Amino acid sequence: MAVAVGRPSNEELRNLSLSGHVGFDSLPDQLVNKSTSQGFCFNILCVGETGIGKSTLMDTLFNTKFESDPATHNEPGVRLKARSYELQESNVRLKLTIVDTVGFGDQINKDDSYKPIVEYIDAQFEAYLQEELKIKRSLFNYHDTRIHACLYFIAPTGHSLKSLDLVTMKKLDSKVNIIPIIAKADTIAKNELHKFKSKIMSELVSNGVQIYQFPTDEETVAEINATMSVHLPFAVVGSTEEVKIGNKMAKARQYPWGVVQVENENHCDFVKLREMLIRVNMEDLREQTHTRHYELYRRCKLEEMGFKDTDPDSKPFSLQETYEAKRNEFLGELQKKEEEMRQMFVMRVKEKEAELKEAEKELHEKFDLLKRTHQEEKKKVEDKKKELEEEVNNFQKKKAAAQLLQSQAQQSGAQQTKKDKDKKN
């Protein structure tokens, strides 16, 4: 029996003053210390065509050299390759995972290029959900692999988005925080770049693609996020090479016509991307992944399993009520299955009995047939035996008669010989 427990409303809360220092003002410091000791994780998905500069931009963003294999255009399909790294800046540790889409856009038929990406994102959500559903959970030590940010690299065509880009972003926008960027922006003239940006944003809106919105509800970041949002998609240039500019060395790309400085905001939007992705909104990206994208996946999965927050009449359902309903449903299904199996067993037994009776009948018929055949054969043998015995008797009689005649003939011959001798004498 469920017992309703009342919750205090905001009107019931009273503000009280303290007569002395208690110490809970140290809670923010406690949280910071705990988070610092645990470290942080951040997972970036880089989606873009082969050779568009994904690896170079990652190296430039984090000011290090990550491992990367030379890319080819001969991949039979799209595959995702994830690599994790431990980074440390001051006393803050970051477990960074970079996921690359190898072979994206290289196939002739690109209709299903987005599927491996969607499957990978869902697989990370599923792994986290399975950990959450365990009786003994260990989320504290769990390596969270859910994607927090998707950097979508757009080829610098200067015209419009490719259909592959629109389809892929539309499939991903409900699963991940998409940040569109124009790669190799130094290949487009400035006036064309502004038009290209406007065209991209217009196409995203008209096709209903939801990209990541920089938060503007917090005072500390509202102004900078509002300012930076107008520059989307960020036009970036990546480079790990340093070029001497004046008396300083700076990351740049050297061309015959001049130098493109990576961190010069007049040349590209790299600094804006770094500010928005890492320095200002990294925690919001992590939070949005958990509270929005993962929650959507989790809700859909639980609904598939039969767990819902409301009943058919839209009345709230408690977890206990849901459990009882699922338990009763399961027991009903179990009883139904048991009855079906019982009936199936009875039917099989009857079928087997009928088969055995039929086999027994056939055996009796075969036995009777063999018995009759045996009797007939026995009678034939006995008749044949009688015939043989009669033939033997007849033969014996004939033999005796022949012997008698032979004996009489011999006696008659002896008497005749004697008479002949007597006459001569």
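Sequential numbering from 1, following the chain as shown.
Backbone N, Cα and C atoms are what each Cβ position is placed from, and that goes for glycine too.
On a predicted model such as this, the values are computed, not experimentally measured, just so you know.
Features of the protein shown, as given by Swiss-Prot:
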BINDING   48-55, GLY103, 184-192, GLY238, ARG253  GTP binding site
COILED    320-410  coiled coil
COMPBIAS  401-416  compositional bias 'Low complexity'
DOMAIN    38-304  domain 'Septin-type G'
MOD_RES   ALA2  N-acetylalanine
MOD_RES   SER9  phosphoserine
REGION    48-55  region 'G1 motif'
REGION    100-103  region 'G3 motif'
REGION    183-186  region 'G4 motif'
REGION    399-425  region 'Disordered'
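Of all the binding-site residues listed here (LYS54, LYS184, LYS190), the one with the fewest other CB atoms within 10 A of its own CB is LYS190. Among residues of the same chain six or more beyond the region 'Disordered' (399-425), none has a C-beta under 8 A of the stretch's C-beta atoms.
Under DSSP, GLY48 (GTP binding site) is assigned to coil, being neither helix nor strand in the three-state scheme. For GLY51 (GTP binding site), the same-chain residues 6+ apart in sequence whose C-beta sits under 8 angstroms from its C-beta are ALA71, HIS73. DSSP gives THR187 (GTP binding site) a helix state.
In the three-state DSSP reading, LYS54 (GTP binding site) counts as helix.
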